[in-house]
Ligand SMILES: Cc1cc2nc3c(=O)[nH]c(=O)nc-3n(C[C@H](O)[C@H](O)[C@H](O)COP(=O)(O)OP(=O)(O)OC[C@H]3O[C@@H](n4cnc5c(N)ncnc54)[C@H](O)[C@@H]3O)c2cc1C
Ligand SMILES: NC(=O)c1ccc[n+]([C@@H]2O[C@H](COP(=O)([O-])OP(=O)(O)OC[C@H]3O[C@@H](n4cnc5c(N)ncnc54)[C@H](OP(=O)(O)O)[C@@H]3O)[C@@H](O)[C@H]2O)c1
């Protein structure tokens, strides 16, 4: 007697838009949570991993190894696909069209917009957001053009978070230190030719109110040929009350030790300038930044700063704002412009306080642009839990999944990069790494070259 066949569960199709950490952790939790779930991970770029690939600094090689865990999301190729090179929204496939193929859509699109300082001169040449600057050194395909202006000795970096530390370190450390990373040749060449000697990091509050994490800050102290100079108006010497929080205690200990250190005469310096804000970027007469007027701040009891009117000028040919990011509104979804996020409850998108059926968010677009890679794991798990709980109540999509999705994308002129295409691009980058020697991979930064490598010798080329 033959055993009765148990019918395979009817698949529930879920699109996760964004292949950064939050998208991939959500996808992983969805797949693990219910065998009926099939996931398409969709990204506007031909390569997966979001800011792990295009934000984490090239010299943070260990950090990038998180990719070895993220890649496992794609292990079950019967239930999960990667559809890269697919912009969801204007100019790509409209969100509404995509929605017709899925029971649920999780938006995990991050927060990629650079915030502004709101000071005069901010739109001069030589004034850039950290998003643009980081995209350049990470070889992001959108970072087209000549690259940042590194032809003058002074650079100002505004902000006291880990991104400011990354930017200052990349600008100050010897370029050859980056030869053993995935940085592409044009970035190495520009950094080798750089005239930068002094990187001024402007911290608007005092040493007790920085967002740096100790491990990142420590990284500045150990650079070859770089002195860290602390400008704190004597605050640290005046016995700062020992902070309760361990992170802050470690920061203060480090900064105090650096403040006591004398110059080694290193050819480059990172100046940490506390209680200073830029008030004007000064035109050098050619429409480019030549200097930055800065003001000393006083800190109120509420932790907020106010200008004291005491000003000075720093010469700088480049200004990088590392003051955080904002999310972009998503077509058809509510948006809170004040926080740059989509309103939600446990990942369920909320409109007027009510959940929008089948729409979810994860990661930075859900909770704002803070938190390390690991923070997105719990965040993605929470969103996945909400999706899985709602599955029985979600409507059957009017259009099929599988190849029909790819055909639909192509009808909008969007040709997806599939997982096997990405693996070809990945292999091409590894081969470039082998050719350069001393590094695993060299990134291909040009979008056309990425697509060419992805599709070379593919069965559909
Ligand atoms: C410069 C920088 C350096 C960092 N370095 C570290 C570090 O060293 N260590 C650490 O732990 N954390 C680091 N972080 C924090 C970490 O990168 C974030 O916590 C994490 O990447 C946020 O994940 P996410 O998935 O929400 O967003 P993202 O990683 O930004 O992923 C969003 C994805 O969505 C895609 N996307 C956006 N819009 C669309 C669209 N319309 N259609 C299709 N796809 C779309 C994007 O291409 C991207 O791949 C860094 C952050 C920054 C900004
Ligand atoms: N290696 C790593 O682990 C790593 C590396 C990079 C990024 N990350 C993470 O990614 C997230 C984003 O980092 P981030 O550096 O962009 O953000 P962040 O940690 O929020 O820091 C932003 C900084 O900008 C300052 N700022 C904001 N507006 C300003 C203004 N108008 N003028 C002057 N300063 C201003 C803030 O000062 P106030 O505090 O005074 O507001 C703060 O110091 C963080 O969670 C970070 O830890 C981690």
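Here, residue 1 is simply the first one shown, and the rest follow in order.
Heads up, the Cβ atoms here are built off N, Cα and C, so glycines get one too.
Worth saying up front: this structure is predicted, and the values here are computed from it rather than measured.
The FAD site in TrEMBL is built from 22, 88, 364, 371, 372, 373 plus one of 51, 124, 333, 418, namely 51. Separating the Cα atoms of residue 372 (FAD binding site) and residue 205 (NADP(+) binding site) is a whole-number distance of 22 Å.
Ranked by Cβ neighbours within 10 A across all protein chains shown, the binding-site residues 88, 372, 373 are led by 88. Only 371, 372, in sequence order, out of the binding-site residues 88, 371, 372, 373 have a CB under 6 Å from ligand 2. Ranked by Cα separation from residue 204 (NADP(+) binding site), the binding-site residues 22, 88, 371 are led by 371.
When the binding-site residues 204, 205 are compared by the number of other C-beta atoms lying within 10 angstroms of their own C-beta, 205 comes out lowest. Among the binding-site residues 22, 204, 205, 364, 371, the residues whose Cβ sits under 6 Å from any atom of ligand 1 are 22, 364, 371.
With all protein chains in the displayed structure included, the most crowded Cβ environment within 10 Å among the binding-site residues 22, 51, 216, 364 is that of 22.
Non-local contacts of residue 371 (FAD binding site) by the CB criterion (under 8 A, 6+ apart in sequence, same chain) comprise 364, 379.
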